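K.L.:
When I checked Swiss-Prot for this same protein, it listed these features:
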- Lys46, Gly53, Arg54, Gly55, Glu99, Thr102, Glu107: ATP binding site (BINDING)
- Asn199, Asp213: Mg(2+) binding site (BINDING)
- Asn264, Gly321, Ile322, Val323: substrate binding site (BINDING)
- 9-244: domain 'ATP-grasp' (DOMAIN)
Amino acid sequence: MNLHEYQGKQLFAEYGLPVSKGYAVDTPEAAAEACDKIGGTEWVVKAQVHAGGRGKAGGVKLVRSKEDAKAFAQQWLGKRLVTYQTDANGQPVTKILVESCTDIAKELYLGAVVDRSSRRIVFMASTEGGVDIEKIAEETPEKILKATIDPLVGAQPFQGRELAFQLGLEGKQVAQFAKIFVGLAKLFQDHDLALLEVNPLVIKADGDLHCLDAKINIDANAMYRQPKLKTFHDPSQDDPREAHAAKFELNYVALEGNIGCMVNGAGLAMGTMDIVNLHGGKPANFLDVGGGATKERVTEAFKIILSDSNVAAVLVNIFGGIVRCDMIAEGIIGAVKEVGVKIPVVVRLEGNNAELGAKVLAESGLNIIAATSLTDAAQQVVKAAEGK
């Protein structure tokens with residue numbers, strides 16, 4: 001689950017980290033009032049969406065009057081912001097963050113993720129702040145500094161000081177960085193985060209460090225023990241299809257292709273998408289129906305896939321283990337009849353009673369193409385999507 005910038009900064013402040021004074025508002029009038037509360041003559045107004053690239057898309061602006069802040073809120077509230085990280089529809093803007101202006105001397109990067117290979121929280125820092133860390137990692141990986149957190153003792157101040165020295169910080173900045181480093185690590189562990197970024201972490205004109213942005217992603221598997229963070233969830237930022245799928249315990253992620261994919265098992269689903277790509281197709285989604293591919297779940301899966309108007313064909317790839325393939329085939333047939341699927345459906349069944357499942361599909365009289373292998377399934381669905 002992602003948090004908005006203003007929510008992330010709220011957590012930062014609770015851990016004593018330096019953030020700008022600001023208010024999240026949902027009306028133009030409140031934006032003007034926020035300027036009065038903050039004081040000063042310049043403010044930064046930011047559209048709140050779960051996506052990066054807001055500045056280039058016009059979603060972040062420096063304003064020098066309350067009228068300009070109000071006009072910015074009128075421009076964006078209730079609208080959708082399209083950035084390079086969103087789809088063509090963009091994300092709805094329901095909040096505007098109004099905060100004090102910061103005089104920036106230098107921008108740094110500080111972030112943390114769970115590293116699967118070391119099974120540790122790993123902090124990353126760089127002198128290249130304010131840009132995409134992925135681009136830095138690809139083009140100049142030597143500019144990314146790392147510190148691994150021991151889960152038994154947590155982040156240690158000396159690790160923060162080491163990173164600070166490597167970043168070229170001096171004097172009071174070293175102690176400030178160490179405090180921010182330890183605070184962020186504690187925040188990461190306390191709230192079961194999957195990702196945390198301060199981009200940029202800035203050096204102000206007076207030499208002090210300041211957290212100018214906040215990006216936080218919480219591990220969805222740990223939400224049951226984070227009741228406070230559950231209240232931070234903004235459903236307006238969710239893809240409606242993904243939200244609907246979650247109600248039926250279906251793991252769905254919308255993509256931009258034209259071949260719908262329905263698979264049982266996350267690994268098999270990723271492999272299926274890869275082989276579709278290999279044969280010239282473009283998956284329209286990732287969809288894992290899980291171990292229990294019942295008629296009800298398959299039916300809902302078809303409904304979700306077909307809600308995407310770009311889908312020209314569907315590939316169903318099921319491995320029968322505990323659940324028999326003939327039962328799965330009957331579920332697919334029932335779902336196709338109930339939903340009224342008009343586009344080609346290619347089905348590959350493997351495992352328990354696979355031959356019987358293929359026979360059931362062949363005798364159904366429906367527009368279902370039984371594939372003999374995964375390669376055959378990929379080739380068949382690509383042809384079907386192209387109308388061949």
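Note that Cβ sites are derived from N, Cα and C of the backbone, with glycine treated the same way.
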K.L.:
For the domain 'ATP-grasp' (9-244), report the average pLDDT of the model, please.
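P.N.:
Result for the domain 'ATP-grasp' (9-244): average pLDDT 94.
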K.L.:
I want to verify one value. Collapsing DSSP to three states, which class is Gly55 (ATP binding site)?
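P.N.:
DSSP call for Gly55 (ATP binding site): coil, neither helix nor strand.
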K.L.:
Tell me the coarse DSSP state (helix, strand, coil) of Thr102 (ATP binding site).
P.N.:
coil
K.L.:
Nearest by CA distance to Glu99 (ATP binding site): which of the binding-site residues is it, out of Asn199, Asp213, Asn264, Gly321, Ile322?
P.N.:
Asp213
K.L.:
Between the Cα atoms of Ile322 (substrate binding site) and Gly53 (ATP binding site), what distance do you get, rounded to the nearest Å?
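P.N.:
On Cα coordinates alone, these residues lie 46 Å apart.
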K.L.:
Check each residue in the chain of Arg54 (ATP binding site) that is at least six apart in sequence and keep those whose C-beta is under 8 Å from its C-beta; list them in sequence order.
P.N.:
Lys46, Ala47, Val60, Leu81, Thr83
K.L.:
How far is it from Asp213 (Mg(2+) binding site) to Thr102 (ATP binding site), counting Cα to Cα, in Å?
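P.N.:
Cα-Cα, rounded: 12 Å.
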K.L.:
Name the one residue among Gly55, Thr102, Glu107, Gly321, Val323 whose Cα is closest in three-dimensional space to that of Asn199 (Mg(2+) binding site); these are the binding-site residues.
P.N.:
Glu107
K.L.:
Out of Gly53, Thr102, Glu107, the binding-site residues in the record, which is closest to Asn264 (substrate binding site) when you go by Cα distance?
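P.N.:
Going through Gly53, Thr102, Glu107 one by one, the closest to Asn264 (substrate binding site) is Gly53.
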K.L.:
Would you please pick out, from the binding-site residues Thr102, Asn199, Asn264, the one with the fewest other Cβ atoms within 10 Å of its Cβ?
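P.N.:
Fewest other Cβ atoms within 10 Å, among the binding-site residues Thr102, Asn199, Asn264, is found for Thr102.
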K.L.:
Need one number for the ATP-binding residues Lys46, Gly53, Arg54, Gly55, Glu99, Thr102, Glu107: the maximum pairwise CA distance in Å, whole number please.
P.N.:
19
